[in-house]
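Visitor: Dropping a structure here in structure tokens format, bear with me for questions.
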Amino acid sequence: MIGQRDTVNGAHFGFTDRWGGVSAVPYEELNLGGAVGDDPGAVTANRELAAKSLGVDPARVVWMNQVHGADVAVVDAPWGDRPVPRVDAVVTAERGLALAVLTADCVPVLLADPVSGVAAAAHAGRPGLVAGVVPAAVRAMAELGADPARIVARTGPAVCGRCYEVPEEMRAEVAAVEPAAYAETGWGTPALDVSAGVHAQLERLGVHDRAQSPVCTRESADHFSYRRDRTTGRLAGYVWLD
């Protein structure tokens, strides 16, 4: 259920795998995405299971309506009955409020400054990397008092550069913005390494305490992958501060 987790000075990070939930094929088992065609009741149950496994109150988790952009929402509570905004990063200065990001190949980016009590979760796919969602999230954190030098960053399971095949023109366009994303597949064709691009951006922003998951979602049967399966579930990354 919780494939990876880490705690640093009261900052908590967790990434799910696909097991331990109640969703049926092709979303088996722990699908946390509410917009992929799965039974809404199963998604709600899965979100409760994952939150409780992490020791988080399911009612204190903030989700996003992710659209592959660079918009950021600053939050101090869950959305409740309000519409969930179309953003790809959420930032909070509310300790104990968990932020969640959904992925199935894109890079889940979790950030926290334990001193200021500011945290962020961002969804960085190819478009978001180019649009600058990660710098936007770090800037929003800084506006709330975070210091990039204190930020702890964790990126979760994502499709790797050996597997993320793209047309040559697309690789060139992305590499023109972020050279670190330039990659080649294991079979010698153009590819992108979005995780490498994210970490390069974080380094330039002054975020040095970083760790990257070794898991490639396309290669791992324990994780959802849109590129591999198309119709499938979504993983989640969670971050919160004591």
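Glycine residues also receive a Cβ, built from the backbone N, Cα and C atoms like all the rest.
Quick paste from Swiss-Prot:
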BINDING   HIS68, CYS106, HIS123  Zn(2+) binding site
Visitor: Determine which residues of this chain, when HIS68, CYS106, HIS123 are set aside, have a Cβ within 8 Å of the centroid of the Zn(2+) site's Cβ atoms, and list them as they appear in the sequence.
Guide: GLN66, ASP88, THR103, VAL107, ALA124, GLY125, PRO127, GLY128, VAL133
Visitor: Starting from the Cβ of CYS106 (Zn(2+) binding site), draw a 10 Å sphere and report how many other Cβ atoms land inside it.
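Guide: Its Cβ shell of radius 10 Å holds 29 other Cβ atoms.
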Visitor: If you count, for each of the binding-site residues HIS68, HIS123, the other Cβ atoms lying within 10 Å of its Cβ, which residue has the minimum?
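Guide: So among HIS68, HIS123, the binding-site residues given, the one with the fewest Cβ atoms within 10 Å is HIS68.
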